[in-house]
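Student: What follows is a structure written as structure tokens; I'll ask about it next.
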Amino acid sequence: MSGSSSNQYSSFLKLCCETRNQTQVKKLHCQILKTLSNPEPFLSNNLINAYGNLRNPLYARNVFDKMAQPNPFSWNTLLSAYSKSGDLSTMQDIFNLMPSRDGVSWNSLISGYAVHGSVTEVVGTYSMMLRDGSVNLNRITFSTLLMLSSSKGQVNLGRAIHGHIQKFGFKACVFVGSSLVDMYSKIGSVHEAVKAFNEIPQRNVVMYNTLITGLLRHGVVEDAKCLFHNMKERDSISWTTMITGFVQNGLDRDALNLFQEMRLAGMIIDQYTFGSVLTACGGLKLLEEGKQVHAFIIRKDYKDNVFVGSALLDMYCKCRNVQYAEAVFRRMRHRNVVSWTAMLVGYGQNGFSEEAIKIFSDMQKNGIEPDDFTLGSVISSCANLASLEEGAQFHAQALMSGLISFITVSNALITLYGKCGSVEYCNQLFDQMVFRDEVSWTALISGYAQFGNADKTITLFEKMLAQGLRPDSVTFIGVLSACSRAGLVERGYRYFESMSRDHGILPIHDHYTCMIDLLSRAGRIKEAQDFIHKMPFPPDAVGWATLLSSCRVHSNLEVGKWAAESLLDLEPTNPAGYILLSSIYAAKGKWNTVAQLRRGMREKGLRKDPGCSWIKFKNKLYIFSADDFSSPYYDQIYAELEKLNEKMIQMGYVPDASSVLHDVEELEKIKMLGHHSERLAIAFGLIFIPRHCPIRIVKNLRVCRDCHNATKYISKITQREILVRDAVRFHLFKDGACSCGDFW
């Protein structure tokens, strides 16, 4: 009867361990004490094992101490309990007290030290084990040592263990062979991993999968494909490993094709397969294929899997279908930090920065603590909105939570302050960073570049190169744009040519646009035209608009017409071509041609995006358009502008009506200039923003020449710092000067 009870209790204990139910184990323990006066060693050992698996070594020790005659299995089980718990000191004491030791004892001791990364103790214990006799060595010993070698990057230790594997006759063991291949793969020695694989006469599917994983991790795709196709039998892990490897190596189309083959082969598809396939769909922006995979997920009943749900969110966001992503997110029964972050990042990537900030708040209300990636992402959304107030709050949260130490958070903060015009904070954060990567340098370089501070931008860039860091394409956009705004044509040319020659970076549209801007902004319109003719591909819409804008400034009608026609051929529904060409004709007084162009716009249903400016006050956004009377404070705003205008004229301000593209009297043009959206926003800021705070304005279009000049006068009259971020750059006005310079 006692033996039967022991078996039943042991079965229950095993079940409790599988469900991680420690409370139930304690209840069973009480029941055992009530019903069995002298539990069998077999049952006591199972109790010790249960408490050990549930990381409760004190209760395990209590059971052990009450045993009349603990056997070797009892000692090993107790040793294992302390090994798993991390109480390495007590583990060593128990090992020292053991009346006899076998391979299990030694392996438990080695494993305890290995799990906690104690390389010195592991090597010392292994040496003692060898002195005690090689009879105790087994496959677990070598597998543990190899895993430690790879996790700690101990190349020499791994190779030494490889030598011992051969010396003690374990080289034919498949289990050890898989660990050996995995170790060499993880430390980057792919050649040695292949050699170890080939030396093992009997190979199973696990070993194949291990080597394929290693090859794909290091980009040896063709060898991995050959190995996969030569396998006599493949399991689901083999297929998923290949699909995941294709995605990691940028071969999204190959991943989708292999997924189709996997389905036809009738293999079991798990959450990891779905995750990789959805990543491939997102990478290729294949919305319809992604929907099909989604339907398959529902049929396979994985719709409630949080891992798959997060991958679905990411796929829909990358396919720019935020509505579907929101639907998936709402229906998820379980959400973790990954799923919340996927939705937050998706909003940010698709231009819904305000929604990203809101969902971050909702995430915290739901008790989900952000990680460094989540916090970095929401700070990036603040940067996109140029929302310094909210960004500063997240900066404080990063400091309080300790996440400021993560480079992703620090880099996002540098970008935030750069986009908000606070380059002094950028510098301060940059200097405080213990470790800086290429993104850190690029964020700081871009911050200065946006102000047209070419000297500082170039100095930082040269320092970055001197430290052996590799600039990327974004770094060069910052450097080239700074050169453009400062009129450093020759230097900009040198940097552009060095991209592919010295750094292996193939220029993209953005870099060519910077070069077009560099030449045309400096008035070298013909050179810009010749540069375009030599480009490997035609400019994009931004490139043509950049040239056209400079043609307007420099009154080059011939090249302007060519740029406008090219822009309209590329994007017939883009009104920029009509508007910029109209401005060239208007500047020359050709109002009939201007009227024809505007009539053409109306016939095609095109209209100019209305200019607007916005300012934040007490966490509320106030938006203004030209001649706007919708604000409840419009009487105060216009009165403020009238006072400012009188003082500006007294100081020598002369309105520049060349920006007004209407055939009206000069006085009417001057009146229109005085009510531009940025001036209304500035007046609002002067009335409501405290004097010690800078006035921060964001505008959706470029600040006109007259408003730029007028704001300098306003900053001097009011002794206020005014920062205007427009569609092109920052304008920081202080003491009647502008830090971005006046190069137009």
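Keep in mind that glycine also has a Cβ here, set from the backbone N, Cα and C atoms.
Sequence annotations record features per position, and here TrEMBL assigns repeat 'PPR' to 71-105, 204-234, 235-269, 336-370, 437-471, 472-507. Summarising the annotation, TrEMBL assigns domain 'DYW' to 652-744.
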Student: Restricting to the same chain and to residues at least six past its boundaries, which positions have a Cβ under 8 Å from a Cβ of the repeat 'PPR' (71-105)?
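Tutor: Cβ under 8 Å, 6 or more out: 41, 44-45, 48-49, 51-53, 55-57, 60-61, 64, 111-113, 115-116, 118, 121, 132, 135-138, 140-141.
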Student: With Cβ-Cβ distances below 8 Å as the criterion, list the same-chain residues six or more beyond the ends of the repeat 'PPR' (437-471) that contact it, or say none.
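Tutor: Distal contacts: 407, 410-411, 414-415, 417-419, 421, 423, 426-427, 430, 477-479, 481-483, 485-486, 488, 491, 495, 503, 505, 729-730, 732, 739-741, 743.
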Student: Quick one: average pLDDT across the repeat 'PPR' (235-269), no decimals.
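Tutor: The predicted confidence over the repeat 'PPR' (235-269), as a mean pLDDT, is 95.
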